[in-house]
Structures are given as structure tokens and as C-alpha cells.
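According to TrEMBL, the protein carries these features:
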TRANSMEM  A:12-33  transmembrane segment
TRANSMEM  A:40-60  transmembrane segment
TRANSMEM  A:66-86  transmembrane segment
TRANSMEM  A:95-114  transmembrane segment
TRANSMEM  A:126-147  transmembrane segment
TRANSMEM  A:180-202  transmembrane segment
TRANSMEM  A:222-242  transmembrane segment
TRANSMEM  A:254-273  transmembrane segment
Amino acid sequence: MDAFLTQYVDAYYLRIMVFIGINIILTLGLNLITGVTGQLSMGHAGFMSLGAYTSAILSVHYAVPFFVALLAGALVAALFGFLLGIPTLRLEGDYLAVVTIGFAEIIRVFFLNFEPGGKAVGFSGIPQSTTFTGVWIVVIIVIYLNYKLLNSRAGRSLYAIRENEIAAEACGVNTTRMKVLAFTMGAFLGGLGGGFFAHYMYFIEPGNFGFMKSIELLNMVVLGGMGSIPGVILGTVILTIAPEMLRIVQDYRMLFYGALLVILMIFRPNGLLGDVRIYDIKKRLFRKEV
Amino acid sequence: MAILELKNISQEFGGLRALDSVNLQVQEQDIFGIIGPNGAGKTTLFNIITGIYVPTEGNLVFKGQQLNKLPAYKIARLGIGRTFQNIRLFNKLSVLDNVRVGSHGVTRSTFIEGMLGLPATRREERQVFADARQLLELVGLDHKEMEYAENLSYGEQRRLEIARAMALKPALLLLDEPAAGMNAGEKEDLMKLIRLIRDENKLTIILVEHDMNLVMNICERIAVFDYGKKIAEGTPNEIKNNERVIESYLGVGV
């Protein structure tokens, strides 16, 4: 499949498509934590780096098959998501955000000093096992499972926690348990995306997973629309492509990127698709006909 | 038989004694009214029963089972549903989803089952959907099931809270000022609704309310609170003629 694609599609565009796919896996994970459950996390890159390093080390040093390494990376990230979820349950909003930033920094500094991970020099020679097809098959599975989850009993209770925690408890929702589950599942997807990332780049270093990476992922979720799967996908596509499209303005690239964020947030404070529902669109179309 | 029993319940916030050695028995299938001036401890009482506060002293028994120190979600699952004085709906969820979340305590499917959508999960989901529709019909919101909860009028929001609490299939329903902000016509409908819910589901209702007309009309028993103490209890007629109640709350009639 990939061989076929590389014949007909420019390698540059294929590369962007792969990054869009990886970012969708990452942002759908963050969306579960922040968008759906309403727990502001600003350390998603920490989960990403756990998945990236774990899977990379397993591939290079232990010659573990790619998908096993990926899964192991995601599970390690999930474990840390679970552990981080427990103490942070008493915290809300800004306080939680500070803790997640601190967590991601600890992970980054750990890898800066981690011998098997190449320390500050970085870790190279990772097999490029990530393919366009592989990433997008996983993306489709992740979207499907997210969709099923958010339309189920558990998913609705996550939204309920975001909307009103006390009322959710009064409905019989074990908010503690659901928040930890959201953190664990979000971290799992963060680790999965990190694994794909590592196996696409040949080379990773702790700098790939700094605070700015976390913010970039958070931007995608907020811009697209917190809690909305189509919104998050759209936000991710736009913000992955934007820096590439903006290459024409060269030095002013990041300035335009920032301006784009400001303008979009002024005109769509709930995100591009944050409060758009198929039901409303249908209703509007139907009214016009009458 | 008493479905709910409060024995010597006290609640302190710092130096403030919000409830002072309260004893209360609520009989099964009663509509029980709690009245009293602002700050008398009525909502505090609800918050203790539903596990939001752990009482400083005293015992709380529901259907023969101790409730003390149980977390709020477990108390809900035992069959105690409630509404809130300051409406607490899930604003950015649809009316239908608000009621569906309400059934969380009486449904089973887990995180993973939800993702996989197994046959048992789908069956449960259909049941939840059918029940929610029925409840919305009962409170007269079936034509608005796809609206966001925040877009409903005040009276509609109060009715939606009742529907959501009913989705828990409670044995005991606590209504905190259900008529607040309603006009006369809406209050009439609300009274009918409360009676209907009780009669059809054979449940017990405790309500806190300031509207005396409503309380005297539908409650079989009433307890009066003042400064954290229960100062009187009895039938509506007894309460109307109780001198302490008239003095501290009802006021001298014209």
C-alpha cells in the first residue's frame, strides 16, 4: 500500500499526512482528559515521550516486533496516566494544570539523564516502521472506539463530570474512578502516538516532548472544539498543516500561526465545531425547506 | 415503616452549628415537607442525606441501612435521587442525555464494554433510551429532547431535574425548592406531577419549599426548622395552628 502511494503521491505530502494521523491519535487522547472530562492537562507530551522512548528502546535493544513495542509504550504511558490521575483528583483547573506541567517536565528531565535513551544527545537508529497505512488504520480504529465510548454510559458520565461534578455524583457516577479511567485512556493514546512518532523519526530527543509540544496539542483540541471528535480532528488537521502552509511567509511563520489562533478563538470561542451538532444542521436545513 | 430515619444529626461548619441534634422519621410513600426560614438548615439536611456532607454527629438510616460516611454516588445507587436548589443540570448536554446520565446508578455497562458495544450493552442502551423518553414525556419535555439543557426555561429546567432524578429509579426522592421561580400555572402542574410520581412509582418524597400553598396542599407531614433545630412536626393542619411556627416562620395571619 505504501509502496503504491509513494509512486503517486509526493513524499512531502505523505509525510504531512502521517503527522496528521499521529497527531489525531495524540489529540483524541488529550480530548478524553481535557475536552470530555474537563480536567485541564498541559503535560500530554510527557505521555507521548514515555510511549516514544519505551517503544524505541524495545525495538532497538530487544528487537521486539513493532506493534508489540507500540503497545508496550502505550501501556507504560497508561500506567503513568493512572498514577498521575490518583493524586490529581483533588485538584481542579489551574492547580491540576500546574501538576501536569510539572509531571511532563519530570519525565523530560528523566530522559535527559537516562542512559539507555541516549541522554541529551538523543536516541537514534530507530527503525522506521511507521507507515502511512499503519498509522491511518490505527487512527480509524481510535476514532471508532472514541465514538463508541462517548456515546455510551461511561462516555456520557465523563461529559457529566465536566458539566457538574456534584450532580454527576448524585446520579450515581463514581467520579473518582471515571476521572482516573479518563486519564489512563488518554495517556494510553498519548503513548501510542508517541510510539508511532518515534518509529517515524529515526531519531528522538527529550526536546521533542517539551512544554511547547503539550501546548501545541492542547491548542488543537481547544481550537477544534473541546469534547467534539470531528472538532478535534479538524483542529488537528488545521494546526498540523498551518505551519507548512505558512512557510511562504518564512520568518513570520510563527507570528501568523499565533495570529490565526487569536482570530479563531475570538470568532469561535467554543472551538470550530465545539457546539455544532448534526441535529442542529438538519433542523436548520429542514426549516429552510418549509 | 420508616424508610428514612435521622437520629441526633448535627452538622458543624467551623463554629457554626447548622443542624443541632435533629431527629426525623419519614414514612414510606409519604410526601414529606420541610419548611423554615432561610438559613434554617434545610438544604444542609439534604446534603447530609445524599452524602455531600458527612454529619459531625448522629446516625442516618435508610431502609435499615446505615448511610454515614458512604460516598455520594453509593447513596445515589441505593435509591436516593435529588434535585438541587440552585439548578445543577449538565448544561452542554442535550435534555435526553441529561436524563440518560441520570440512569447511571442503575445501569451496568463499563468503559470497555461501552467501547466495544457488545449485545448486552446495546440492549441496556436501548432500555435507557426508552426509559428516558418515557420520563421526558411524564414531565412534558419530550418535544425538547435534543435541546441543550441550558436553553430551557427556568421551569423546564426544574422539571428536567426531576426527570433526571427519576431515572435513578429512586425509592426516596428529595426535591429542593422545586417550585422556585415558577408561575402559578406551573406550580399547579408541578403539584399534579409530584402526586402522580408518588402514586405511580410508590416512592417517598421529601421536599423543601417556601411556597406554603404548595406545601400545605400536597404534603402529608411537615417538619419545621429554625436555626438548625426542628421546632415542630405534624400534619399541615397542626403546623398551621402551631404557635411557635407562626411566630418564627409563617407570621401572624391577617
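Backbone N, Cα and C atoms are what each Cβ position is placed from, and that goes for glycine too.
By the Cβ criterion (distance under 8 Å, sequence gap of 6 or more), the transmembrane segment (A:95-114) is not counted as touching the transmembrane segment (A:222-242), fewer than 3 such pairs being found. As a quick check, the transmembrane segment (A:40-60) and the transmembrane segment (A:254-273) miss the bar of 3 or more Cβ pairs under 8 A, pairs 6 or more apart, so the two do not touch. The stretches the transmembrane segment (A:180-202) and the transmembrane segment (A:126-147) are in mutual contact, each linked to the other by at least three Cβ pairs under 8 Å (pairs 6 or more apart in sequence). Within its own chain, the transmembrane segment (A:12-33) has Cβ neighbours under 8 Å at 5-6, 39, 41, 44, 47-48, 130-132, 135-136, 138-139, 142-143, 146, 158, 182-183, 185-190, 192-194, 196-197, 200, 217-218, 220-221, 224, 226-227, 229, 232-233, 235-237, 240-241, 244, counting only residues six or more beyond its boundaries.
Within its own chain, the transmembrane segment (A:222-242) is flanked in space by residues 16, 19-20, 23-24, 27-28, 31, 34-36, 38, 143, 146-147, 150, 159, 162, 216, 257, 260-261, 264-265, 270-276, which lie at least six positions past its ends and keep a Cβ under 8 Å from the stretch.
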